[in-house]
Amino acid sequence: MGVQVETISSGDGRTFPKRGQTCVVHYTGMLEDGKKFDSSRDRNKPFKFTLGKQEVIRGWEEGVAQMSVGQRAKLIISPDYAYGATGHPGIIPPHATLVFDVELLKLE
């Protein structure tokens with residue numbers, strides 16, 4: 001499946017991230033059953049990553065690249081685009097499909 005992007009609210013429709021740019025996002029990560037495992041919103045601190053540098057899972061690389069600044073979307077990410085057969089011990093089980101509520105705040 002890879003990554004499926006479902007828009008929650010639209011962005012500007014013009015400003016999309018490019019490789020090498022820093023994406024500033026707020027996110028909430030959940031398992032398929034809705035159990036939250038991480039949230040930048042709870043920490044009240046946006047998360048930053050550089051697109052194309054493999055600092056995040058493949059589902060984020062491909063999903064966030066399809067979003068425009070200001071957009072909020074649900075990213076549904078299959079295990080092969082997330083943490084695969086290993087999972088993330090104690091947090092994400094093996095072969096888990098993940099759901100992220102991601103808002104692309106700005107690009108740097």
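Each residue, glycine too, has its Cβ placed from N, Cα and C.
Listed in Swiss-Prot:
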| type | residues | note |
| --- | --- | --- |
| MOD_RES | S10 | phosphoserine |
| DOMAIN | 20-108 | domain 'PPIase FKBP-type' |
| MOD_RES | K53 | N6-succinyllysine |
| MOD_RES | K53 | N6-acetyllysine |
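Across the structure, K53 (N6-succinyllysine) and S10 (phosphoserine) place their CA atoms 26 angstrom apart. Less than 8 angstroms from the CB of S10 (phosphoserine) sit S68, G70, Q71, each of them six or more residues away in the same chain. For the domain 'PPIase FKBP-type' (20-108), DSSP puts the residue distribution at 14 helix, 36 strand, 39 coil. Secondary structure at S10 (phosphoserine), taken from DSSP and collapsed to helix, strand or coil, is coil. Around the residue listed as 'N6-succinyllysine', taking its Cβ as the centre, 11 other Cβ atoms fall within 10 Å, counting all chains.
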